[in-house]
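Copied over from Swiss-Prot:
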type	residues	note
TOPO_DOM	1-19	topological domain 'Cytoplasmic'
TOPO_DOM	40-51	topological domain 'Periplasmic'
TOPO_DOM	72-95	topological domain 'Cytoplasmic'
TOPO_DOM	119-125	topological domain 'Periplasmic'
TOPO_DOM	146-155	topological domain 'Cytoplasmic'
TOPO_DOM	176-196	topological domain 'Periplasmic'
TOPO_DOM	221-238	topological domain 'Cytoplasmic'
TOPO_DOM	259-276	topological domain 'Periplasmic'
TOPO_DOM	298-327	topological domain 'Cytoplasmic'
TOPO_DOM	345-350	topological domain 'Periplasmic'
TOPO_DOM	371-387	topological domain 'Cytoplasmic'
TOPO_DOM	407-413	topological domain 'Periplasmic'
TRANSMEM	20-39	transmembrane segment
TRANSMEM	52-71	transmembrane segment
TRANSMEM	96-118	transmembrane segment
TRANSMEM	126-145	transmembrane segment
TRANSMEM	156-175	transmembrane segment
TRANSMEM	197-220	transmembrane segment
TRANSMEM	239-258	transmembrane segment
TRANSMEM	277-297	transmembrane segment
TRANSMEM	328-344	transmembrane segment
TRANSMEM	351-370	transmembrane segment
TRANSMEM	388-406	transmembrane segment
């Protein structure tokens, strides 16, 4: 009887700890459903139907492993990835890493900020510039929560993640995808032509986010409660739940685009405005509105996450700190320049995702090296199987990027 009571008590304590440590992965997961994903997934679904769904499935599984490794590094060492690189690599390498990480963070933020601005434009009927102003104001308000600590921000961003997931459940209901074809697309790999390879690289870039690899290790480095092993166990649950939601959203985006556009002959849908305007007559005004609202929610939350990641990168690599509002102001400028110059915002979104895919290996290689170091990690060091899978992911990413670069140079994409 006493043993049962102790067992129940320890079980409740474990669940309580798991709940208390839930949150960091939800902030990281928001980076996986940003407006760049909308643009890339819609274009892929409209152009190739369900044929590229397998890329989303595998990219999401890779992302799960990567985020677990990132979170584990913070738990085991009390330092984030940028700080570990600063401590272990020569100064020129550290400065190179800092510059490329800042460029990638800004490219990410460009996609996220413009995506939210497009969402405001679509649902409110304002200009893109006015939508950008609204986005700026909204992100400043959300960032103010950071003054109250990490938990309030986790709750708001987690809520926005769940809102986007709910929105895509509604979109699936409206679009009625062919479940047999959807299932086939998820499990049977296909790259029918060079354009599909280009979009597959974009999907990979949109799904595995370099800036959140840096951020997640920072979000877990100050976690308290339980042993390191217990914190790691709770974090695996956190990552599994958050990334499953993000993976569902990405699959639903592409499946909705395939069902609504590809199979109705609208295979040329390549921008978010066009997607919104085409959804209304094809499905309903409600479907188009839900799409616009989900775009705003994803854009606002992910641009906040991008700002936080940029701060982590700067502090970690070069020990330099600027107020969040200053960083937010600076990183908004490229978005306003793109809008004022009249550049195609959706093309900018897709190109930014391709750029991101080049930063994945640069973040992954040191992450794998550090998490495989028994001196640093102790009992949380990577197993041989994890090391093998990790290096396979690096090789795949690099190979896909070389293919993408060659294809782009030759004018195939």
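Just so you know, glycine gets a Cβ as well, placed from its N, Cα and C.
Two recorded stretches are said to be in contact when at least 3 C-beta pairs lie under 8 angstroms, sequence spacing 6 or more; the transmembrane segment (126-145) and the transmembrane segment (328-344) meet this definition. Residue counts for the topological domain 'Periplasmic' (176-196) under DSSP (helix as H, G, I; strand as E, B; rest coil) come to 12 helix, 0 strand, 9 coil.
Between the transmembrane segment (20-39) and the listed ranges 52-71, 96-118, 277-297, 388-406, the one holding the most Cβ pairs under 8 Å is 96-118. Here the transmembrane segment (239-258) has long-range neighbours at 22, 25-26, 28-30, 32-33, 37-38, 41-46, 48-50, 52-53, 56-57, 59-60, 63-64, 67-68, 71, 158, 161-162, 164-165, 168-169, 171-172, 174-175, 177, 182, 185-186, 206-207, 269, 275, meaning same-chain residues at least 6 beyond its ends whose C-beta is under 8 angstroms from one of its own. Residues 24-25, 28-29, 32, 41, 44-45, 81, 182, 185-190, 196, 199-200, 203-204, 207-209, 212-214, 216-217, 219-220, 232, 235-236, 238-240, 243, 246-247, 250-251, 254-255, 364, 367-368, 371, 382, 386, 389-390, 393 of the same chain, all 6+ positions outside the transmembrane segment (52-71), place their C-beta atoms under 8 angstroms from a C-beta of that stretch. Away from its own ends, the topological domain 'Cytoplasmic' (371-387) comes close to residues 65, 69, 72-73, 75-77, 84, 228-229, 232 of its chain (Cβ-Cβ under 8 Å, at least six residues beyond either end).
Between the transmembrane segment (328-344) and the listed ranges 96-118, 156-175, 197-220, 277-297, 388-406, the one holding the most Cβ pairs under 8 Å is 96-118. Using the rule of three or more Cβ pairs under 8 Å, pairs at least 6 apart in sequence, the transmembrane segment (156-175) is in contact with the transmembrane segment (277-297).
Within its own chain, the topological domain 'Periplasmic' (119-125) has Cβ neighbours under 8 Å at 35, 131, 134-135, 272-273, 276, 288-289, 291-299, counting only residues six or more beyond its boundaries.
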